[in-house]
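K.L.:
Taken from TrEMBL, the feature transmembrane segment applies to 6-21, 33-52, 103-126, 146-165, 177-201, 378-396, 425-446, 523-542. According to TrEMBL, the coiled coil annotation covers 224-251. As annotated by TrEMBL, region 'Disordered' applies to 576-675. The compositional bias 'Basic and acidic residues' feature in TrEMBL is assigned to 582-617, 635-644. As annotated by TrEMBL, compositional bias 'Polar residues' applies to 618-634.
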Amino acid sequence: MSGAALGLEIVFVFFLALFLLHRYGDFKKQHRLVIIATLLAWYLCFLIVFILPLDVSTTIYNRCKLAVNSSPTESNGSDATLAPSKQKCFKPWSYIPNGIMPIFWRVVYWTSQFLTWILLPFMQSYARSGGFSITGKIKTALIENAIYYGTYLLIFGAFLIYVAVNPNFNLQWNQLQTIGIAAANTWGLFLLVLLLGYGLVEIPRSHWNGAKRGYLLMKTYFKAAKLMTEKADAEENLEDIMEEVRKVSESIKYNHPLRKCVDTILKKCPTEYQERMGRNMDDYEDFDERQNSYPSEKSLVKLHKQVIYSVQRHRRTQVQWQILLEQAFYLEDVAKNEASATRQFVHTFHSQEPENKIIQYFYTPTVEWYWECLLRPWFYRALAVVLATFSVIVVWSECTFFSTNPVLSLFAVFIQLAEKTYNYIYIEMACFLTIFFLSICVYSTVFRIRVFNYYYLASHHQTDAYSLLFSGMLFCRLTPPLCLNFLGLTHMDATISHRNTQPTAYTSIMGSMRVLSFIADGFYIYYPMLVVILCIATYFSLGTRCLNLLGFQQFMGDSEMTSDLIDEGKELIRREKRKRQRQEEGENRRREWKERYGNRDDSTRNRVVHTDQKESSFSEPSTNRPLSKYTRSNGRTERDRIELLQDAEPLDFNADSVNEDPLELDSGRYQPGGRYLSMSRSQIFDDV
């Protein structure tokens, strides 16, 4: 089993990162380099989290073996005391041979640092560039990153000058490398504590609120009102951009040198706009003889960038609106089914996607009712209590992990108790649960935060390239300080525990932080205590209240603006629900008509065509007479088309009944029972 656990986790983490990236990214439309770079960044960060517990168990075994080998061997009594120690130092099942982990950590760490500080920022600018060639995009990316790279070089150069002038510092290359790592970890730890303080409170609270059906439904209404505003803004923005594209397409004809750039922009536009605008290939204009003002290539680059952004935003809001509608309809169904006497879950609308037969076989309406209406709220409450307990333990350990005598950090106590019995399974499970919970608190915050429309991770393949690359940068910068913080909480870091023992392989590549004592003894120890203040601020929703005061609508139960948005969202959901009901009723009527009279209608239509051919061959050549009385089926088809158009948009949203439709009430043809009463089988085709 030597190294087998490492290989299995490497493969498992790869598919985990691939699954998450497929959920948020779009493999078909986004550039392959963007997908590969983001996948590599996510994969390396997740890999560090999953492999670090194996490093801890291997280090504990190596410490035990080193202690046994270094103990003085004495006769009689001493041999009796050493025998149990040798029996306890058995090799763990996940033991990784010496020399593998240092090389592995070195490759993973420096690759992630290269991605986050050099490659991913460059690719961000490259992905957002509106250039029409690879050279133009690279040039734009270099110009945009010149200030970014120049700032870091300036700081690093000033630090080198300070070290060279000060006689108290005699730094070598290894120490200089450690200083660079410490600087990167300090920046990451600063952001880590901010995200961790939010996640430690918000994750348990979100699961507790998830058990409240009324709360979830009100929040969904609130989201619907906000999303409708964003959706309307995205549509208006797209219309304005498409109008500019139309003007440019009409001004630059096919013989202009910049026509290729215009064609590239048109390819990025939606299909309906491409068909509407056309390419004006028939009009020939000699642009050299006429003194017209044509757009410059720089303005076309800017327009290209705006088209990419507006199309992506419009598509994202459309998909999110449909997903939010499904969520709102489902929550309303849950609220209705809670009082069901049959204890079977009934959906208002059938799922538009085909369901898996295996899931449909086991997840019956009865099972769904018991889960959604009875078990799920209690499960969410129990899970929220467990997560809140973990959060309290993390906050306590963050404030006391620097104390080594006595040991106050609960995670360090758990690991040291397991270390005495050399229970490697318990050690790895405790380490994995600890670092996994810390990672969930931090990474989930990265997935939740939104910086206007520049950074936003949207599921269902709606995340743009810029946000994917930015998330990869954040993960690569947050993961190393997260792992160091975990090792400090468990006292596996010699800098924290002050023990002269063998360090972990991960700590060894970081170097000794004693080179910068003010960071090792000051910032790394006392700054994580700020997580207490951040947790208190998150618990009382201070950030949400501040954003609400600044004009950014946030979901707050005691706000008048929130109540207005909830009422608006409820009306929007009710309107969409009626629209979908009308559509389904129209489809059901047409399906019933086809089932009842489909065969008879087909045979009659053939006779109508044959009769028309005979009459047209023997009649006078006056073909201007209306043929409606000979082709009643055509009139019926036209009526179906009108009915489809009427069903597409509801007429009266304040009506008490959904069936109040002029087409249904006309001539008394359609009754709520679904039968066409004014037509009997003997009178349908009497006029043919």
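Cβ atoms are placed via backbone N, Cα and C, with glycine included.
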K.L.:
Run the contact check on the transmembrane segment (523-542) against the transmembrane segment (146-165): 3 or more C-beta pairs under 8 Å, excluding pairs closer than 6 in sequence.
P.N.:
no
K.L.:
Who are the long-range neighbours of the transmembrane segment (103-126) in its own chain, taking Cβ under 8 Å and residues 6 or more past its ends?
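P.N.:
Apart from its flanks, the transmembrane segment (103-126) reaches 6, 33-34, 37, 40-41, 44-45, 47-48, 51, 55, 137-138, 140-142, 144-145, 148, 152, 184, 466, 469-470, 472-473, 476-477, 479-480, 505-506, 509.
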K.L.:
Give the nonlocal contacts of the transmembrane segment (33-52) in its own chain as ranges (CB under 8 Å, at least six residues past its ends).
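P.N.:
Hits for the transmembrane segment (33-52): 6, 9-10, 12-14, 16-18, 20-21, 25, 27, 104, 108-109, 111-112, 115-116, 119-120, 123, 127, 431-432, 435-436, 439, 465, 468-469, 471-473, 475-476, 478-480, 482-483, 486-487, 506.
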K.L.:
Under an 8 Å Cβ to Cβ limit, what residues of the same chain, 6 or more beyond the ends of the transmembrane segment (425-446), are close to it?
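P.N.:
Same-chain contacts beyond the ends: 49-50, 52-54, 56-57, 60, 92-94, 192, 195-196, 198-200, 202-203, 387, 390-391, 394, 411, 414-415, 418-419, 457, 471, 474-475, 478, 482-483, 485-486, 489-490.
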K.L.:
With a Cβ cut-off under 8 Å, give me the same-chain residues at least six positions beyond the ends of the coiled coil (224-251) that come close to it.
P.N.:
262, 265-266, 269-270, 273, 276-280, 292, 294-295, 300, 303, 306-307, 310-311, 313-314, 316-318, 320-321, 324-325, 328, 553, 565-566, 568-569, 572-573
K.L.:
With Cβ-Cβ distances below 8 Å as the criterion, list the same-chain residues six or more beyond the ends of the transmembrane segment (146-165) that contact it, or say none.
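P.N.:
For the transmembrane segment (146-165), the nonlocal Cβ contacts are 117, 121, 171, 179-180.
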